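These come from TrEMBL:
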ACT_SITE  E289  active site, proton donor
ACT_SITE  D421  active site
ACT_SITE  E529  active site, proton donor
ACT_SITE  E557  active site
BINDING   T645  Ca(2+) binding site
COMPBIAS  82-119  compositional bias 'Basic and acidic residues'
COMPBIAS  120-131  compositional bias 'Basic residues'
COMPBIAS  169-178  compositional bias 'Basic and acidic residues'
DISULFID  C486-C515  disulfide bond
REGION    82-178  region 'Disordered'
TRANSMEM  47-67  transmembrane segment
Amino acid sequence: MWSSVDRKDYTAISLGNPYGHYDNSKQVRSASLWRQWNRLSRLQRSVVWLIVILGALSCLYLVPSMLQDRDELDKLSKKPWHKDDVKAGDLNRQKEIKGPNLEELKRRAKKQLEDEKKTTLKIKKKGPPGKRLHDGSLQAPGGPRDGDKGQDNQQHAPPGEQNVVLTPVKDKKEADTNDVKGKVEAKYVSPAPVQTDGDPFSGPKNNQQKAVVDAFRHAWKAYKKYAWGHDQLRPISKDFEEWFGVGLTLIDSLDTMYIMGLKEEFKEARDWVANEMSLDVNRDVNLFECTIRVLGGFLSAYHLTKDQMFLDKARDLGDRLLPAFGSGSKVPFSDVNLKTHKAHPPRWGPDSSTSEVTTIQLEFRDLSKITGDPKYALAADEVTKHVHGLPKKDGLVPIFINARTGNLRSSGTITLGARGDSYYEYLLKMWVQSGKTNDMVKDDYVESVEGIKKHLVRLTEPNKLTYVGELLSGSMFSPKMDHLVCFLPGTLALGHINGLDPQHMELAKKLLYTCYQMYEKMPTGLSPEIAYFNQAPGAPDDIIVKPADRHNLLRPETVESLFYMYRFTGDKKYREWGWKIFLAFEKYTKLEEGYTSISNVMDVRNPRPRNKMESFFLGETLKYFYLLFSDDPNLIPLDKYVFNTEAHPLPIYSSL
């Protein structure tokens, strides 16, 4: 046994004590540490200081947040819990008991962003139409307009107050087994017949449509106040985000406002396009996105109003986009500069997305039809003919194509989700747009549907939900389905109503039910961006959502398909489903000013607002809600119009 005097302290040795004995002397320890510090190189000392500084900064950032989280947990711990609130399984999902404490969470997010903004430079915004100050500067019209009396345009009954019956779910077969007791289910009650004045664009005719219009006005007021003339609103930080620099949300919303009968808002936006908008922007834009949103927005506004200004803008934009077709392979480049007219492949690699180069045809063909100049249609049709001749897997295409070689990437994933979806949609819609005279694209579409049924359609366990998966590397099946795939039920139904196989409609109904379950099974009632489907017998849940896929971007695809199915079948369950989805958007994405995408559809207490209102929320989602709740078949009749993939209606011709 060592005596206490002989026992060595190896900590002291490691710190530089040459004697190796435990010594309480502060002076000896300080000297030892100092000698060790002096032995370090300059680089080693810098690394040590960097670690210390980063640690201190982390503490400064994390401690206040931890204290806030502790306060929040203290509040939540006082709420009653049921034994079924937390269910063991793949998701460990938590369900709502007394509703989310969203206001507090939004307040905290807003305060954090305001604090961050104090340290950044302010970006000068383009002023919306408003009052001029004495010095000539433009004042954003943030206050109530004349006649509004500060009521924020909320002149109608709140959503669901008059036409919705709230009933508790009692039948366990009808209730989600993960839901807590006492969940409230919204039932749609058919609106009373209304007298129309013959104008399908005269405004809302029932309480559901009025609620949708109020939602649009709420979103539009925030856009006008904080992001007028810019691409997209950031509603929490109360500023904007630029993408193309052309007022994307405003243009995407033109036909929505016209269809909803919002004449004052439409005129204000129209005047901005005519007098202030410039396409001579030194900025690279994505050919696909700019075509479907901006060119499509101009074209639909022209067809609805016959305003020559919109056609002039459409022609100008078409000329600026045409250089993208100069790749030499008949497959256009993905990006083009609106000012210099120079085009190039995407920055992230040599390949373009297959759906992007094959989802521009409706717009360019329509532009040729109304201008009498065939150059736009010829460029787009060359792409269609080229892709038609490429090898496919029973009509299915990989999601990447090279603009320089013109070839599909054979090892690419096959999916009806991102980068693949609208290729199939436009095959059918080009046929419809042509007055059903273009048999080449119809045959490609019919073949692709057979390929979908053969390779991608599966059933889940335990409830046999029908879904559409993916083929990784073109061959290995994955039970993954993007929310984007929920366009497919509406497209299948559109094909059937135009004379295609009745089995297409049966598949559409099954898929749409699955898409609705992607909303219904989530605690917030909102769908995740991506879902995986269970294939293992005995597992309790059909739908699996990974943490990285739980966000909701205010997407329109399910509402779009609900609109088609209700218009074609008259089955009111599709309205019931749509109304419940609308109420979920109102509850979890509506802010004091505007709407926002959210990061977690699984968390009713903190869905985590993302501070972005996508242009398609106004251009597509709210438009399809409004059309779904319409009782007027003459409101964009589907035997006269075909919607592009951004929900902009374009006319059907007798031939193209």
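Placement of Cβ uses the backbone N, Cα and C atoms for every residue, glycine included.
In this structure, the CA atom of E529 (active site, proton donor) is 19 Å away from the CA atom of E289 (active site, proton donor). Between the CA atoms of T645 (Ca(2+) binding site) and E557 (active site) there is a gap of 10 Å, rounded to the nearest whole number.
The Cβ of D421 (active site) lies under 8 Å from the Cβ of S355, T415, D482, L484, V485, F487, L488, each of which sits 6+ residues away along the same chain. In the shown protein chains, 29 other C-beta atoms lie within 10 A of the C-beta of C486 (disulfide bond). A count of other CB atoms within 10 A of each Cβ picks out E557 as the most crowded of the active-site residues E289, E529, E557. Between the CA atoms of E289 (active site, proton donor) and C486 (disulfide bond) there is a gap of 19 Å. C486 (disulfide bond) sits 5 Å from E557 (active site), taking the Cα positions as reference.
Annotation for C515 (disulfide bond): spatial neighbours H483, V485, C486, P489, S527, E557, T558, S561, criterion Cβ-Cβ under 8 Å with sequence separation of six or more.
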